[in-house]
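A.B. asks: One structure, pasted below without further comment.
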Amino acid sequence: MASVLSYESLVHAVAGAVGSVTAMTVFFPLDTARLRLQGVVNVLLTTPLWVVNTRLKLQGAKFRNEDIVPTNYKGIIDAFHQIIRDEGILALWNGTFPSLLLVFNPAIQFMFYEGLKRQILKKRLKLSSADVFIIGAIAKAIATTVTYPMQTVQSILRFGRHRLNPENRTLGSLRNVLYLLHQRVRRFGIMGLYKGLEAKLLQTVLTAALMFLVYEKLTAATFTVMGLKNTGKH
């Protein structure tokens, strides 16, 4: 036991810790890139499922827009078959570009959360549960509002059965993102980009606020158990 707790062992432990910290610092950008790449891969793999899911959910709905082409899918397999047959296999990745941009939604959320948190901690010694809940809700509301136009375009592209005027062509190309944004603003005004935002905020804001509250409580409990000082007091 004495040999384990010897000065030599302590030197090795400190050297190992310094080496670990150095390696983590040097390679942290690569780790960040890996996480971003995982998000991109996830989008590419799941977009076809979301396209089919969106179309099946909207099938049978009555649209006031006559430019929208109705669908008649008998199930998931038939939907895949019809989309590939009528629109080409790339139509399964409609909405990929907006989805890739939406990967930054959590980054925007955490950026505002940490910024608001730091501002409050300048005036107080610690955050209350109400503080965490409120700033978590505000951060998510900002992130959702900023990215919502892309979510609108994403939904339109995933549905896909929309004709481009005046050529009367079926929508199925990522290059039409700017066209859709322009058409949306021209027909409904700038607020047309935010139709349905209220429901989206109700869906996401409370969930995110609760998530941040649980996150802070678990972080505080972990620091307490480990006997460490938590600089982000709450």
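Heads up, the Cβ atoms here are built off N, Cα and C, so glycines get one too.
According to TrEMBL:
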REPEAT    7-119  repeat 'Solcar'
REPEAT    127-221  repeat 'Solcar'
TRANSMEM  12-30  transmembrane segment
TRANSMEM  90-112  transmembrane segment
TRANSMEM  132-150  transmembrane segment
A.B. asks: Suppose you look only at the repeat 'Solcar' (7-119); what would the mean pLDDT be?
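C.D. replies: PLDDT averaged over the stretch: 73.
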A.B. asks: Which numbers of helix, strand and coil residues does DSSP report for the repeat 'Solcar' (127-221)?
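C.D. replies: For that range the per-state counts are 76 helix, 5 strand, 14 coil.
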